[in-house]
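To start, the structure itself, in structure tokens.
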Amino acid sequence: MADSATLDATTVQVLQDLANRLRVHSIRATCASGSGHPTSCCSAAEIVSVLFFHTMRYRQTEPAHPDNDRFVLSKGHAAPLLYAAWVEAGSISEPDLLNLRTIHCDLEGHPTPRLSFVDVATGSLGQGLGAACGMAYTGKYLDKASYRVFCLLGDGESSEGSVWEALAFASHYGLDNLVAVFDVNRLGQSGVAPLKHCTDIYRNRCEAFGWNTYLVDGHDVEALCQAFSQAAQGKNKPTAIIAKTYKGRGIPNVEDAENWHGKPLPKERADEIIRLIKSQIKTNRNLLPKPPVEGSPPVSITNIKMTCLPDYKVGDKVATQKAYGLALAKLGLANERVVVLDGDPKNSTFFEIFKKEHPERFIECFAAEQNMVSVALGCATRGRTITFVTTLGAFLTRAFDQIRMGAISQSNINLIGSHCGVSVGEDGPSQMALEDLAMFRSIPNCTVFLPSDAVSTEHAVYLAANSEGMCFIRTNRSETAVIYTPQEHFEIGRAKVIRHSNNDKVTVIGAGVTLHEALAAADALSQQDISICVIDPFTIKPLDAATIISCAKATDGRVVTVEDHYQEGGIGEAVCAAVSGEPAIHVHQLSVSGVSERNRKPSELLSIFGVSARHIIAAVKYTLMN
């Protein structure tokens, strides 16, 4: 491969020819599928040609090698262009490319990690750069390796605020191994992008965010090579390349024309245009990428053991969010690849304990939750880290799309929500996570933990660290009593029956603070000669349906659920779904019924919303009378 400083005419021609071959592949594939975005592919053909066959270092036969340079296609609708590059690199056959978007083909309309050369799923715009930031941060500060990260964005998606959160993050951490390429083709999906072709405005904005910035003609391969070469020389700043391009480049009467987004060319026109583009190809040569510079350290992130048992005594009063902070610090001792990302509330959520003990593995993302989740997804790619994302549970709702895309990315990130439920008290409704269980229960392959004391919280942290797929741990601000001994064993999907006798009349299921309300209710009811079974589900997803059904049948089908969460999507609905095949089981649900309008103490709010011990007692008596 020629160096950009001595780029010869032959190399320039080969790169231009490769760009045109990428156009041909993209047009053919989208025509074959009858759907797709050929015009979005054509605008970035030269960019991808230069990246894959001149600038990036990688092993073609090992796309996921840890030392390879990374590429993130943030404008995921241009997936055929990415697949075309891998056709030219020899990893995909041309016939396979023609199966684009078919049910048995991994070449989807937007890229996902079902493909070995895709690290994160994209397609929901504005998220690729945040993931690229996570990869670059891992490379620079954790792996201390030579690999670089390139992210291709569309101009339309740069309207997303998450893009600018990522720009701020990369600048703050001096990610000089990161290059963002803005494909400024002027057109969005349904019309003109807000900044049109005003590349100077893009430059000014990127520079204001602390990036080295270069303006280039995005269809000039020589200029692109030079810009990428300059980016490689930059120190302590990320680089933005603002590439002026034209949507549908090379397609007569379509180039720079509106109303062609997401439309394949009619077959008769496509054949003619392919012949035209092919006539401009002067060589049949290819360029091989340079091999990567090896240097990424070997990592092991499986089978992590507790360094010691939880250090709590039954009866100790500890908030589960504090127990989580302490457990995470212990986990950091057990494995040096544990990384924590914080959204700024570390001083009130006990995440600063981890920062104090493992500062080199604590990533402050500030109040930018969307970017924080995207960065975490990037950090976790290629099995480089065990990643925990920490903030108030209410604020994770802002990042739901990033979390959703994380599931599509088959990511193993762990998210922890603190200050959950009305038990936050005087801070008011804006701080109360009351939708979080519904949100995370809806995420495929996501394990949802709801620990009820410090011991179970510590076990939840270790189980999450060793789990495949995404995990969510819900924690509370209120101090609650430790109810389990340090020797207690916990499993995902296995509930704990806390109170049980042969005379139980009703099964009561609570979790977190409401489990303690249920235990208080059980004590009060026992004074009235009414015995109840009390279950701690531990994980809300998967739910231990077998234990719940068994206990419910033993109490003549009478079940009461109580939760510090809205009814929709919460514990009650999860239990109803679990027992839906058992017509003799009837579930009475207690849950938060509305938004708190007043500042009250946690105990007062639990009572106001009908999820206190007093209301559990009333519900038990009601079920016994009906």
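Quick reminder: no glycine exception, Cβ is built from N, Cα and C everywhere.
Swiss-Prot lists GLU369 with the feature active site, proton donor. According to Swiss-Prot, the feature substrate binding site maps to HIS37, HIS261, SER348, HIS419, ASP427, ARG477, an assignment based on similarity to another entry. The thiamine diphosphate binding site annotation in Swiss-Prot covers SER40, HIS77, GLY123, SER124, LEU125, GLY156, ASN185, LYS247, HIS261, GLU369, PHE395, GLN431. Annotation comment: Swiss-Prot describes ASP155, ASN185, LEU187 as Mg(2+) binding site, evidence class similarity to another entry. Summarising the annotation, Swiss-Prot assigns site 'Important for catalytic activity' to HIS37, HIS261.
Here the features listed in Swiss-Prot are placed on the structure.
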| residue | record | Cβ contacts under 8 Å, 6 or more apart |
| --- | --- | --- |
| HIS37 | substrate binding site | THR30, HIS77, ALA78, ALA79, PRO80, HIS261, GLY262 |
| LEU125 | thiamine diphosphate binding site | SER74, LYS75, GLY76, GLY154, GLY156, GLU157, GLU160 |
| ASP155 | Mg(2+) binding site | PHE182, ASP183, VAL184, ASN185, ARG186, GLY188, ALA193, LEU195, TYR202 |
| LEU187 | Mg(2+) binding site | GLY156, ALA193, LYS247, ASP256, GLU258, HIS261 |
| SER348 | substrate binding site | HIS419 |
| PHE395 | thiamine diphosphate binding site | GLY343, GLU369 |
| ASP427 | substrate binding site | HIS419, ASN599 |
| ARG477 | substrate binding site | ALA319, GLN321, SER418, HIS419, SER423, VAL424, GLY425, PRO602 |
Residues SER40, HIS77, GLY123, SER124, LEU125, GLY156, ASN185, LYS247, HIS261, GLU369, PHE395, GLN431 binding thiamine diphosphate per the record - widest CA separation, whole Å: 44
Cβ-centroid neighbourhood (8 Å) of the Mg(2+) site, ASP155, ASN185, LEU187 excluded: SER43, GLY154, GLY156, ASP183, VAL184, ARG186, GLY188, ALA193, THR245, LYS247
Where LEU187 (Mg(2+) binding site) falls in three-state DSSP terms: strand
Set of same-chain residues at least 6 away whose C-beta sits under 8 angstroms from GLY123 (thiamine diphosphate binding site): GLY76, HIS77, ALA79, GLY109, HIS110, PRO111, MET405
Fewest Cβ neighbours within 10 Å, where candidates are the binding-site residues HIS261, HIS419: HIS261
CB within-chain contacts under 8 A for SER40 (thiamine diphosphate binding site), separation at least 6: LYS75, HIS77, ALA78, LEU81, GLY154, ASN185, LYS247, HIS261
Cα-Cα distance, maximum over HIS37, HIS261, SER348, HIS419, ASP427, ARG477, record's substrate binders, Å: 49
